[in-house]
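Report on one structure; see the data block that follows.
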Amino acid sequence: MKLNATILYSCVDDEREEASTLPSEISPPAPASIIVGYAFTSKKKKSFLKPKFIRLARNKGIQFVPIDLKRALSEQGPFNIVLHKLEGRDWSQVIEVCALNFILVYESNGLVLLWNFYCVASFFQSHSISYFPLKDYQRLHPEVTVVDPPEAIQHLRNRQSMLEVVADLKLPESYGKVCTPRQLVISKNPTSVPDEVVKAGLTVPLVVKPLVVDGSVKSHALFLAYDHISLSELEAPMVLQEFINHSGVLFKVFIVGESIKVVRRFSLPDLSETDISTNSGVFGFPRVSGADSSADDVDLDPAVAELPPQPMLEMLAKELHHRLGLRLFNLDIIRQKGTKDLYYIIDINYFPGYGKMPDYEQIFTDFLVSLVQS
């Protein structure tokens, strides 16, 4: 499709490539009482396992050990904790790696012999079969804490199921009301989108996001559609979300176990009636709410800069932890312009860019220690 602007990315993990060498890779690790096995992309490894974090963790008796994706997980370790954040095919491979030399699968066209872990992962992924041998690993090794369960993470791979969890919450409104934007899922046939938008009672402008969150560049694209006709040019499956003026500021709420850290980030600007009436087409937006768009040290209107109430965030985090079964995630929250206590959750990300979160080294170290102690 043709767009009026360059496709860029938004609302994604705050991770960038950093040329640093991990201490654990250049010197023998000190004796450790907590062994953390990790399966990360190279990008995640560099942004998360920073030297300062490694040093602090070592002082607490924590050692990080990379998981070999080409070997069965049950043959590695022993581990106290397993951390994992791999996207796309790599993510499926490490989650589905197990102590199998091969498996036999009966298809309609005959017997299929899958000899290696990569084929196993690819087969189950392509056939939409939920198969997580990591469950078997957990069953055989109950002493190991896996953060987080693969089946729980799946809820955040789909922007429809992601926000449905929030919509079902029945939180008290003593400190504020938490909502989700009205949205419409378009699974196929983009040409019918204008009619479906009208039937759903949505009005332009609309925020457009891919339905599936798989870690790819494409899955984090963000667009703003100003007219119904342009909606038919978009690629399904996608989510159309009502645009809400929020003074151009987003609250990124990082959750690590029971710890909560909030930062302010610049977001999409407010739109006036003139903006809406004079613009047409679909516009791609540059990356918003990244670490380089911090609004914490900017002189903002106090009403805009005020953080969401801590008691509300604590209730929200506790309830979502219970419903999602996740310990590591973040919430992108906006406050509707002109209100003091009307909040919208617009995105939830699993294992976000903690390396850009203030004091993450201490917070995460304490979290790992608490997992073993509990």
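Every residue, even glycine, has its Cβ placed from backbone N, Cα and C.
Taken from TrEMBL, the feature 1D-myo-inositol 1,3,4-trisphosphate binding site covers LYS44, LYS85, HIS220, LYS252, ASN349, GLY353.
The Cβ of ARG159 (ATP binding site) has 23 neighbouring Cβ atoms from other residues within 10 Å, across all protein chains displayed. According to TrEMBL, the ATP binding site annotation covers ARG159, LYS209, 241-252, SER267.
Neighbours of ASP332 (Mg(2+) 1 binding site), defined as other CB atoms within 10 A of its CB across all chains, total 21. Feature annotation from TrEMBL assigns Mg(2+) 1 binding site to ASP332, ASP347.
The annotation Mg(2+) 2 binding site is assigned in TrEMBL to ASP347, ASN349. Of all Cβ atoms in the protein chains displayed, 25 besides its own lie within 10 Å of the Cβ of ASP347 (Mg(2+) 1 binding site).
DSSP states for the domain 'Inositol-tetrakisphosphate 1-kinase N-terminal' (35-96), grouped as helix (H, G, I), strand (E, B) and coil, give 28 helix, 16 strand, 18 coil. According to TrEMBL, the feature domain 'Inositol-tetrakisphosphate 1-kinase N-terminal' maps to 35-96.
TrEMBL lists 174-369 with the feature domain 'Inositol 1,3,4-trisphosphate 5/6-kinase ATP-grasp'.
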Problem - Residues LYS44, LYS85, HIS220, LYS252, ASN349, GLY353 binding 1D-myo-inositol 1,3,4-trisphosphate per the record - widest CA separation, whole Å - result: 19
Practice task
Using ASN349 (1D-myo-inositol 1,3,4-trisphosphate binding site) as the reference point, find which of the binding-site residues ARG159, PHE243, VAL249, PHE251 has the shortest Cα-to-Cα distance to it.
Solution key: ARG159
Handout entry: Rounded to the nearest Å - Cα separation of ASP332 (Mg(2+) 1 binding site) and SER247 (ATP binding site)
Key = 15
Exercise for the section: Run through the Cβ atoms and count how many others sit within 10 Å of the one on ASN349 (1D-myo-inositol 1,3,4-trisphosphate binding site). Expected result: 21
